[in-house]
Amino acid sequence: MKITCIGAGYVGGPTMAVIADKCPDIDVTIVDLNAQRIAQWNDDDLSNLPVFEPGLSDVVAKTRNRNLFFSTDVENAIREGDIIFIAVNTPTKTYGVGKGMAADLKYVELCARQIAEIAHGEKIIVEKSTLPVRTAQSLKTILSNNAKNLSFQVLSNPEFLAEGTAVQDLYHPDRVLIGGDQTPEGLKAIETLTSIYARWIPRERIIQTNVWSSELSKLTANSFLAQRISSINSISALCEQTGANVSEIAKAIGTDSRIGSKFLQASVGFGGSCFQKDILNLVYLCRYFNLPEVADYWEHVIKMNDYQKRRFANKIIETLFNSVSGKKITCLGWAFKKDTNDTRESAAIYVTTALLRDKAEIHVYDPKVTPEQIYADLDYMKQHHRSNDMTGIAGDMTTKELKDLVHVHNEPYEAMDKAHAIALLTEWEEFSSYDWEAIYNKMYKPAFVFDGRNLLQKDKLSKIGFEVYTIGN
Ligand SMILES: NC(=O)c1ccc[n+]([C@@H]2O[C@H](COP(=O)([O-])OP(=O)(O)OC[C@H]3O[C@@H](n4cnc5c(N)ncnc54)[C@H](O)[C@@H]3O)[C@@H](O)[C@H]2O)c1
Ligand SMILES: O=c1ccn([C@@H]2O[C@H](COP(=O)(O)OP(=O)(O)O[C@H]3O[C@H](CO)[C@@H](O)[C@H](O)[C@H]3O)[C@@H](O)[C@H]2O)c(=O)[nH]1
């Protein structure tokens with residue numbers, strides 16, 4: 001048996017590496033149109049892999065060129081694979097019908113058309129990308145109208161890994177979900193895929209459903225997770241007005257086994273490529289199916305998140321005497337969470353943009369994100385943000401002006417030297433072990449710290465002399 005995966009990104013790369021590790025008798029080929037990304041996956045120097053994930057380079061070192069292969073030859077991989085995973089990106093549409101809401105399925109459709117053109121024999125096509133419910137039907141329609149000599153089954157097998165813990169999540173998932181047609185052929189395909197995961201995951205954790213339940217479970221899971229963060233963040237705002245402490249509340253409610261303690265960390269706002277995109281997608285589907293009340297309900301999870309990011313940026317501006325113009329603000333962290341180099345939808349981008357609007361001078365330090373990525377994020381924000389009202393940079397700022405105002409450092413102390421304020425935006429653990437006394441001595445006074453992750457010890461910092469703002473306290 002051979003496995004092909006189209007899309008060598010944050011999902012395709014780690015997922016296939018783990019399958020290759022656990023199934024040494026199966027050849028796994030990951031293909032991508034992006035030649036640079038494939039070259040990075042094939043780089044001898046494992047620190048150059050395009051995805052940073054704890055533990056990933058070890059798995060790649062073990063499997064690469066044994067039974068794990070990275071290639072740009074999409075056609076050959078489609079021809080060879082018995083099981084073809086589609087793990088391409090499905091971003092929010094930035095144009096036309098459904099702009100700013102619906103998932104852009106053009107990359108998925110392209111895969112289906114390519115498979116239809118090239119593949120023959122028996123194939124199992126697996127939706128690994130996160131897709132709107134009923135996408136499998138569109139794939140089937142494209143395949144059955146265009147393919148020749150192809151007998152296929154489409155399965156939905158959404159991925160639940162979280163970045164930063166992807167490798168651990170893939171080796172020990174809470175569950176694997178496989179949806180397929182409830183016909184003899186569909187059930188056989190489900191069983192084939194199940195038998196691969198069953199090599200390392202107990203069968204009772206492999207859930208089999210129909211395709212539509214599987215597709216919709218993924219959007220629902222992400223919406224529930226994000227909803228918890230928006231819920232605790234909404235309470236953080238109330239805490240700041242009343243003297244209650246959001247961390248104490250999270251602990252108090254989290255010990256109720258019906259609520260549970262995870263995902264109750266108040267923050268500057270959730271980021272990442274999935275939560276916002278998937279909720280917007282859910283909202284779009286609800287509106288499409290004429291369920292406005294349901295759509296409004298879920299849309300508020302995002303509105304609350306926008307509010308939290310805006311609130312944090314405004315807090316900085318207000319505290320710095322209502323203007324940050326010409327002031328040096330240092331952002332500690334740019335990634336959307338710790339232990340990843342991914343910056344998609346990172347709260348840092350929104351907060352920085354709001355500060356730039358108020359003419360701040362921004363200095364950034366992140367242990368894993370490159371300067372090119374940071375400038376690209378700000379440029380993208382300039383063009384594509386859903387609502388300018390949120391934090392979009394005044395469209396009139398040129399890329400050059402942006403670069404003049406944003407300085408990226410590869411050393412944290414230099415980034416904080418002579419700063420007016422520090423905004424901690426990602427919970428990288430190294431931030432808590434810095435010499436905060438030395439940092440204080442080199443900052444303008446009053447020296448402000450805005451901890452968007454409640455990572456630092458507030459009492460210790462206050463004792464040094466800092467003015468400290470934390471979320472919900
Ligand atoms: N990132 C996550 O943590 C995560 C977790 C679960 C699910 N997902 C979902 O998985 C999907 C992929 O996410 P990602 O973060 O890996 O995206 P990504 O952007 O990191 O990777 C997608 C890759 O697909 C490639 N690609 C696009 N069209 C192609 C084509 N026609 N042929 C070959 N390659 C093509 C792109 O060049 C890119 O390298 C999305 O639907 C996402 O919602 C992501
Ligand atoms: O209590 C919490 C937990 C998370 N976050 C933030 O929420 C965002 C998302 O975090 P997380 O869910 O850990 O990472 P993702 O990689 O985005 O993973 C989510 O999105 C993936 C893509 O669909 C899913 O596969 C995962 O199950 C789902 O957790 C990050 O900005 C976190 O900092 C908080 O603010 N508070």
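Cβ from N, Cα, C; glycine included.
Listed features, source TrEMBL:
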- C274: active site, nucleophile (ACT_SITE)
- 7-12, D32, R37, 88-92, 129-130, E163, 274-277, R344: NAD(+) binding site (BINDING)
- 330-458: domain 'UDP-glucose/GDP-mannose dehydrogenase C-terminal' (DOMAIN)
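D32 (NAD(+) binding site) counts 23 other C-beta atoms within 10 Å of its own C-beta, drawing on all protein chains shown. Residues within less than 8 Å, Cβ to Cβ, of E163 (NAD(+) binding site) and separated from it by at least 6 positions along the same chain comprise Y10, E53, G272, F336, K337, D339, T340, D342. Cβ environment of Q276 (NAD(+) binding site): T92, A226, F270, I302, N305, E345 lie under 8 Å away, each six or more residues apart in the same chain. Taken together, the residues of the domain 'UDP-glucose/GDP-mannose dehydrogenase C-terminal' (330-458) have an average pLDDT of 90. Shown in sequence order, I30, D32, F85, I86, A87, V88, N89, Y107, K128, S129 are the residues of the chain, 6+ apart in sequence, with a C-beta less than 8 angstroms from the C-beta of G7 (NAD(+) binding site). Under the DSSP three-state reduction, Q276 (NAD(+) binding site) is assigned to helix. According to DSSP, T92 (NAD(+) binding site) is assigned to a strand segment. Listed in sequence order, the recorded positions among G7, Y10, N89, T92, E163, C274 whose CB lies under 6 angstroms from an atom of ligand 1 come out as G7, Y10, N89, E163, C274.
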